[in-house]
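Annotated features, as they stand in Swiss-Prot:
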- S22, R23, S24, T69, N94, D109, Y228: shikimate binding site (BINDING)
- K73: active site, proton acceptor (ACT_SITE)
- E85, G134, A135, G136, G137, A138, N158, R159, T160, L161, S162, R163, I226, G249: NADP(+) binding site (BINDING)
Amino acid sequence: MDDKSMARGRKAFVTGFPIRHSRSPLIHGFWLKELGIDGSYEAVEVKPEDFSSFAASLAANGFAGGNVTIPHKEAAYAAAESLDEAARAIGAVNTLWLENGRLCGGNTDAYGFAANLDASAPGWDKADRALVLGAGGASRAVVHALLSRGVCHVSVVNRTLSRAEELAAHFGARVYAHGWDEAQALVSNAGLIVNTTALGMSGHGEGQDFPIDLTCAPKEAVATDIVYVPLRTAFLNKAEKAGLKTVDGLGMLLHQAVPGFERWFGQRPQVTQALREHILADMAKAGAL
């Protein structure tokens, strides 16, 4: 039996609350059509108080697995009977699948972050030092990716220093916590600068200048933002003006979807320019560029 036959009729999902904003159905729908797989992928809105029962009834509802987004990632972590290494390190699950009747959880955000940089800025992981702006939940996946790829020194800057200290304590050696007032000084020797904050994101002061001067960064430094709405954030615009190589956050969204699709439908999809343009067209239609 070939992979297409095995995947026939398989169902997967993305769940969050709310979930109508998600572009995951567009991504997976594109791949299902491209690969000729007779499967489905749908958005399912689940309230926080209903998540545990939803996760427990995946098989009964005919699902092979699915993606989990805000606010359910920690609840999915707790619900999973088995966790992959990335999920354990990050403390959150964004991908669920069934294996011999057991609910398994993984986290593909770190993979997506690194794969996006591999595609758009090959050699990025030769940087000895990385600067991560922000210490929220998303920064954990970024830090895990950096450590996994051998970055020697990761500085995490956050307005509330205690949040950065918690993150540094979680990951241990090679991760260092700093207050926001130290960010400017840290730029000068950072080979990779990652923005995980909402500064410049739609509804968070878009159009405003990013409050850090990037002209003192090494000329070979790479700047990347995990935000993809808007596609060109204030941070990326400032980095581009400073002459740095920039990588937007859309690729992370696309690449993080790959491992889950392969688990549910049995074929590994490709992140192509055609897929990117498909999502960009939807973003333009929604006024999200």
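Quick reminder: no glycine exception, Cβ is built from N, Cα and C everywhere.
Sequence features annotated in Swiss-Prot and their locations in the structure.
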| residue | record | DSSP class |
| --- | --- | --- |
| S24 | shikimate binding site | helix |
| T69 | shikimate binding site | coil |
| E85 | NADP(+) binding site | helix |
| N94 | shikimate binding site | coil |
| D109 | shikimate binding site | helix |
| G137 | NADP(+) binding site | helix |
| N158 | NADP(+) binding site | strand |
| I226 | NADP(+) binding site | coil |
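Neighbours of D109 (shikimate binding site), defined as other CB atoms within 10 A of its CB across all chains, total 27. Distance between Cα atoms for N94 (shikimate binding site) and K73 (active site, proton acceptor): 6 Å, as a whole number. Residue density at N94 (shikimate binding site): 27 other Cβ atoms are found within 10 A of its Cβ, drawing on all protein chains shown. S24 (shikimate binding site) sits 16 Å from K73 (active site, proton acceptor), counting Cα to Cα. Ranking the binding-site residues E85, A135, G137, T160, I226 by the distance of their Cα atoms from the Cα of S22 (shikimate binding site) places I226 first. Cβ proximity to the shikimate site centre (mean Cβ of S22, R23, S24, T69, N94, D109, Y228, cutoff 8 Å) flags the following additional same-chain residues: V14, N67, L253, Q256, A257.
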